[in-house]
Amino acid sequence: MTRRFCNIRVKSLMAKEESTQQWSKTGDNSTIRNRKRVPTSKDKITRHLSNDDTPSSNGTSAQQFSKGEASDGPSEVVLQMLVMGLSLSTRFYKITQPPHVCWDETHFGKMGSYYINRTFFFDVHPPLGKMLIGLAGHMTGYNGTFPFLKPGDKYEHHNYWGMRGFCAGLGSFLPIFAYLIVLDLSQSRSAALITASLLIFDTGCITISQYILLDPILMFFIMAAVLSMVKFNRQRHRPFSVPWWLWLVLTGVSLAGALGVKFVGLFVILLVGLNTLSDLWRLLGDLSLSLMEVTKHFLARVVGLIVLPLLLYVAIFAVHFLVLNKSGPGDGFFSSAFQSRLIGNNLHNASMPEFLAYGSTITVKNLRIAGGYLHSHWHLYPEGVGAKQQQVTAYHHKDYNNLWIVQRQQNDEYPSESPELVRHGDIIRLEHKETTRNLHSHLHEAPVTKRHFQVTGYGTNGSGDANDLWKVELSGGQKGDLVKVLRSKVRFIHRASGCVLYSSGKTLPKWGWEQGEVTCSPYLKETPNSQWNIEDHINPKLPNISLSILKPNFLEILLESHIVMIRGNSGLKPKDNEMTSKPWHWPINYQGLRFSGVNNSDYRVYLLGNPVVWWLNLASLGLYIVMVVVTSVALQRGLSLGANIIGRSAVLRGGGGLLLLGWALHYAPFYAMGRVLYYHHYFPAMLFNSMLSGITLDILLKSSDAVLQPPYCDWLQRFGQTVLLFSVFYSFYLFHPLSYGMTGPLAHEQGSTMAGLKWMDSWEF
């Protein structure tokens with residue numbers, strides 16, 4: 001019946017194309033601005049490519065050839081409930097196991113605790129995910145007292161299950177979201193079921209959803225944005241209706257959520273942006289719309305997809321700053337002015353001497369965002385790294401070893417009355433309070449930035465040599481100007497060599513405790529790296545002033561927090577004994593991640609995708625390209641193809657092309673990233689790959705009707721679907737201990753639950 005209808009439809013469209021050509025030959029263009037263009041056979045393909053279900057001239061939909069298969073009804077509701085039920089059961093099974101901290105729970109569980117305790121911290125990601133984790137913990141009775149020190153720490157009586165359950169709940173929505181997206185893009189229930197099965201029974205998706213991590217929250221918002229975008233596209237024939245506005249607003253909300261969890265959310269924003277530009281270009285070419293109507297469409301999308309997400313994103317940070325109002329471990333990453341707003345910080349509502357004086361004890365903070373405090377400790381530079389003298393570094397945390405004493409050139413006694421103030425152009429020494437060694441530089445090269453000079457601590461009890469002397473320069477200052485605490489931008493020029501004290505922003509090796517490198521730069525251009533301010537200032541002989549006037553406004557702290565996050569993200573380093581990976585490893589499932597346990601006595605959890613699912617996804621990428629090329633060439637050459645093949649080709653290029661673009665946008669940028677990368681970074685791209693696999697494999701199986709007659713083509717299709725689903729489920733059965741935990745012998749030992757399943761040497765379970 002469907003085939004007969006489609007043949008009639010094609011003939012009808014060809015007849016209308018003929019009539020259109022005849023009309024154009026008359027040369028009558030008097031009504032060109034008001035005409036309605038008659039659809040042609042090319043338009044049919046175009047509508048498939050854009051998933052436009054606008055009714056055509058005979059009242060039928062351009063996708064009617066497959067409407068019957070995806071029609072709503074009781075059976076469809078039952079299928080969606082089945083998908084959701086299987087997803088929930090696989091994600092919540094053994095959710096409390098193991099009852100100890102696993103992998104990055106040590107970070108994100110701890111950050112959830114910080115929100116409950118309102119303690120300020122620093123993280124390289126935007127705050128929404130951690131706020132939601134903290135809220136989930138608070139709502140389920142967790143009081144924020146567990147320290148989350150390291151993986152393996154027992155939770156004991158603490159209510160950790162609420163935070164895990166929240167992440168698992170959001171992760172459970174991924175298969176049903178994928179089902180609905182593929183159902184709308186392909187109008188094929190079987191394609192949607194294949195997609196849902198790939199995600200429901202993927203051990204990697206299960207594992208990453210069961211723990212206190214940002215990934216399930218991020219993927220929830222990414223998939224919600226894509227689903228809302230696809231649903232919005234389906235409302236094109238009802239512009240500005242309630243459903244049209246609903247899906248537009250939900251798309252904007254989901255985009256704000258994705259970006260509010262991780263900056264990776266920018267990739268789905270780019271996907272929606274490209275789709276929106278394509279949609280607006282289509283509207284601009286629709287001559288039945290006036291320019292005023294096109295402008296209304298444009299403004300609606302600006303409001304829904306730019307203004308609304310931006311406002312929500314800013315609101316997320318407003319809540320973040322409002323909640324985290326107490327001093328905590330993240331203070332030192334931010335400027336002195338930023339810290340002055342935190343309750344408990346030594347700068348909050350503090351008072352101290354306004355002008356720097358000799359004999360004062362101070363801390364010196366670099367003005368580069370996340371530049372750190374000038375710091376020293378008893379450890380020496382190792383053999384072969386410049387002079388073997390005391391290390392001087394930039395340290396991001398409050399510490400006693402950040403304290404320095406401002407001394408004159410000579411060790412003269414200070415007058416007992418008011419101390420002498422330091423001025424622009426003065427020559428001083430900075431003596432480290434704890435070790436009594438002077439800040440020192442010489443012509444040895446710096447440990448990391450080889451074109452700069454080394455900075456060390458030298459001398460004993462304040463005695464040293466001429467290389468301990470530094471000239472004080474104020475930004476825009478003149479000789480005799482006083483140095484103001486917190487407000488003056490100070491540079492320290494080395495008197496002997498003329499170089500300037502500099503925070504390079506680079507990280508020292510493990511011998512330097514991975515603290516920041518401090519050098520003496522021969523390049524004297526004024527930059528934040530070479531500028532410092534006096535933050536703490538202790539001198540009982542001077543009068544104090546209030547520092548409340550230094551508190552920054554909201555936009556200033558919003559900008560500063562983003563600069564700190566971006567710089568922190570780019571400087572991430574791998575943890576001890578942690579295996580990093582390269583982007584080419586990910587699609588082939590080359591190497592997983594150890595979430596818990598190492599030895600046979602441990603409860604072991606290993607993040608690794610279901611091999612059948614991931615290798616099917618990889619094969620489907622190649623298969624998709626081959627199928628699109630073959631059908632495109634055939635259509636371009638004008639070969640006679642059946643209506644079913646034409647319709648499937650349109651789905652491949654339209655819905656499949658959108659998913660391929662989503663996969664590429666969430667995968668390709670990692671090749672250009674300089675930061676440390678892990679296997680779990682691929683999971684958003686894997687969602688798009690799985691949806692593309694569902695469409696590609698479904699169309700491949702249905703294409704059996706091109707070589708076989710009914711009912712044989714139907715039998716072959718059912719057989720292929722059965723083999724596919726059985727392979728996915730059986731592989732899940734074999735590898736499910738990786739997700740749900742295993743104890744006892746390791747994979748290479750006799751009696752292991754994973755014996756014989758280490759199909760790649762790079763797998764570490």
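The backbone N, Cα and C atoms fix where each Cβ goes, and this holds for glycine too.
Quantities reported herein were computed from a predicted structural model and do not represent experimental measurements.
Taken from TrEMBL, the feature compositional bias 'Polar residues' covers 20-32 (among others).
The compositional bias 'Basic and acidic residues' feature in TrEMBL is assigned to 40-51.
The compositional bias 'Polar residues' annotation in TrEMBL covers 52-66 (among others).
The annotation domain 'MIR' is assigned in TrEMBL to 353-409 (among others).
The annotation domain 'MIR' is assigned in TrEMBL to 419-475 (among others). Summarising model confidence by region, the domain 'MIR' (419-475) averages a pLDDT of 92.
Taken from TrEMBL, the feature domain 'MIR' applies to 480-537 (among others).
TrEMBL lists 17-72 with the feature region 'Disordered'.
Distant neighbours of the transmembrane segment (161-183): 70, 80, 83-84, 86-88, 91-92, 95-96, 109, 112, 132-133, 136-137, 139-142, 189, 191-193, 195-196, 199-200, 205-206, 208-213, 216-217, 219-220, 223-224, 226-227, 230, 655, 687, 690-691, 694-695; these residues of the same chain sit at least 6 beyond its ends, with a Cβ under 8 Å from one of its Cβ atoms. If you look up TrEMBL, you'll see 161-183 (among others) marked as transmembrane segment.
According to TrEMBL, the transmembrane segment annotation covers 217-233 (among others).
Among the features that TrEMBL reports, transmembrane segment is placed at 245-278 (among others). Counting residues 6+ beyond its ends, the transmembrane segment (245-278) has Cβ neighbours under 8 Å at 50, 125-129, 214, 217-218, 220-222, 224-226, 228-229, 231-233, 235, 300-301, 304-306, 308-310, 312-313, 316, 565-566, 569, 658, 661-662, 665-666, 669, 681, 684 in the same chain.
Distant neighbours of the transmembrane segment (298-324): 114-115, 118-121, 126-128, 131, 240, 245, 248-249, 251-253, 255-257, 259-260, 269, 272-273, 276, 279-280, 554, 557-558, 561; these residues of the same chain sit at least 6 beyond its ends, with a Cβ under 8 Å from one of its Cβ atoms. The transmembrane segment annotation in TrEMBL covers 298-324 (among others).
Residues or ranges marked as transmembrane segment in TrEMBL: 612-633 (among others).
The feature transmembrane segment is assigned by TrEMBL to 645-665 (among others).
Same-chain neighbours of the transmembrane segment (677-695): 174, 178, 181-182, 185-186, 188, 191-196, 198-199, 202, 204-205, 208, 215, 218-219, 222-223, 264, 267-268, 580-583, 585-587, 591-593, 607, 609, 613-614, 616-618, 620-621, 624, 651-652, 655-656, 659-660, 662-663, 666-667, 670, counting only residues six or more beyond its ends whose CB sits under 8 Å from a CB of the stretch. The feature transmembrane segment is assigned by TrEMBL to 677-695 (among others).
Positions annotated as transmembrane segment by TrEMBL: 715-735 (among others).
Counting residues 6+ beyond its ends, the transmembrane segment (612-633) has Cβ neighbours under 8 Å at 198, 201-202, 204, 587-589, 641, 645, 648-649, 652-653, 656-657, 660, 663, 686, 689-690, 692-693, 696-697, 699-700, 724, 727-728, 730-731 in the same chain.
Residue counts for the domain 'MIR' (480-537) under DSSP, helix first, then strand, then coil, are 6 helix, 27 strand, 25 coil.
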